[in-house]
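TrEMBL lists Glu156 with the feature active site, proton donor. As annotated by TrEMBL, active site, nucleophile applies to Glu236. Annotation source TrEMBL lists domain 'Glycoside hydrolase 35 catalytic' at 24-326. Residues annotated as domain 'Beta-galactosidase 1-like first all-beta' in TrEMBL: 373-485. Annotation source TrEMBL lists domain 'Beta-galactosidase galactose-binding' at 510-567.
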Amino acid sequence: CVCVCVCVCVYSCSFSIDYKNNCFRKDGKPFQFISGSIHYSRIPREYWKDRLLKMYMTGLNAIQVYVPWNFHETVQGVFNFAGDRDLEFFLNLANQTGLLGGLPAWLLQKPNIILRSADTEYLKAASDWFGVLLTKMRLWLYQNGGNIISVQVENEYGSYFACDYNYMRHLHTLFRLFLGEDVILFTTDGNTDKEMICGTLEGLYATIDFGTDTNITAAFIRQRRFEPKGPLVNSEFYTGWLDHWGDKHASVDTVKVSKMLGEMLSMGASVNMYMFEGGTNFGYWNGADHDTRFRSVVTSYDYNAPLSEAGDPTDKLLAIRDVIKNFRDIPVGPMPPATPKFAYGFVTLQKVGSISSLLDTLSPQGPVQSQYPLTFEEIKQYYGFMLYRTTLPRNVPEPTPLISPLNGIHDRAYVSVNGVYQGLMERDTALVMNVTGQQGDQLDILVENMGRVHFGSYINDNKGLLGNLILGNDVLTDWSIYPLDIDTAVANGWLQAAHSGSGMEAGDGPMIYSGTLKPTGLAWDTFVKLNGWTKGQVWVNGVNLGRYWPQRGPQQTLYVPRPFISATQPNNITVLELERAPSHRRILFMDQPQLYSTGQKT
């Protein structure tokens, strides 16, 4: 994680910690940063400048950004910094930034690896990644004429179970090797003794993070126990919170945020607001948490932040700007307006076919054969879906339990026999269901990866069928396992071409539907609502918008940014419905979001 200032240094540039006067110094002068977090990986590249300008006009003098490892190295050894992953282009726009990120799923091919530890295989992979990333970042350090003023090493490591100081020492050595001795390296951890003990290391400046439910004085006293001298820093002051499927929509009171921000700034503390804009978990990038249970994060990362998911200024942003005015001069001029929105109306979809009937298109390389189920990681399918196929070993005329012992469904499994949908099995909650059929009938199980656990006590969050399935007393064997590349099929128009045009009725189980949003001459932001649909994914012109799940909520609409829409050409809409589509088969494009169900409390 890195913090970057707006100012450009003309002569000798320096950024340092003044331990005597308990402050930062930029070019020899005391400096208090007022920063906000923004994730370029959750925002279309075309909107980066718009969001950064709005943050600048709020009065921020720095931003903080995560650089997600798994976003840039999805395949081991292949690094992608192009297009929406062009970090240096973002840095060039930003005049400010910050570094940190998620772990790539390919690490889990190694069954006994201990992530975020001194495990030899993990350190090798992490060192390779940082060798690429930090070499790029060195040119952007403030003392080298760039705009990075500090670099975070790890993130809330004290919350992780490992508490491995050898790992932290390795990172410290690695960062110094590539970035030099002058840049400020820091850590950020939660407001408990355990987290601060396990997450800090001598030579890395220890900062703390907390939200509006915390006593400021007590929190900074805790930071002082680990950093007796130097600036007070709340490196992640929570302006809102994220949502999980099935939970109530999270929000944090604007008055509390602005009041607490003012109090911290009055104390001379530097503050980074997390988030200032959250953006969207497009595609399969939502992630998950696991405390007492597995909880998948929703598609929207709106976060109840000062800038909305669509980058629109909110009342919270205006209140924050009013606070900042008391501590520094803010840019003169109006706040850039919200991007225009348009309600394109209804689109009626037609059925393309079931997942089982489209395997030649969705898995052109064919299946992997295995006596027993293999995980996503063993087949190198890190996101999305896989279909497991076998046959019933005997006649099952009466409903017979299909069981996943030891909670082996990660994360949801949609079960069909001879193309007839039987029902759902789900991690932690629904591990037994009944099926019927004849010996030799085809049993298909479509498994959905609902997002990887990115934090907490889980070490290896493998996906798929993690163990044997048992039908009655029989262990099911002889599997054909199909890794599905739905995104490529959609992007290439293969599913549009496969469209029968027969207007077939909706059915149960995993089905593909498609339709066309006619051009209107306008390409504006919009939001798609799938009223009556159950659960699935939506693509617009080949771009995966993410998951919808209105029945579980709280999120009811998906954000469609302007760059995804064509004003002059037909817009291809594809929907994967996993359980049941409504008979009307319509979706609605609206001019406003709905992040929680009508009447639902936040």
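Including glycine, each Cβ sits where the backbone N, Cα and C put it.
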Seminar exercise, completed: For the domain 'Beta-galactosidase 1-like first all-beta' (373-485), the averaged pLDDT of the predicted model is 93
Exercise. In this structure, which of the active-site residues Glu156, Glu236 has the fewest other Cβ atoms within 10 Å of its Cβ?
Worked result: Glu156
Problem set entry | the domain 'Beta-galactosidase 1-like first all-beta' (373-485) - residue tally per DSSP class, helix then strand then coil | 6 helix, 57 strand, 50 coil
Exercise. Per DSSP, what is the residue tally for the domain 'Beta-galactosidase galactose-binding' (510-567) in helix, strand and coil?
Worked result: 3 helix, 27 strand, 28 coil
For this session: Sorry to bug you, but what's the C-alpha spacing from Glu236 (active site, nucleophile) to Glu156 (active site, proton donor), rounded to the closest Å?
Result: 10
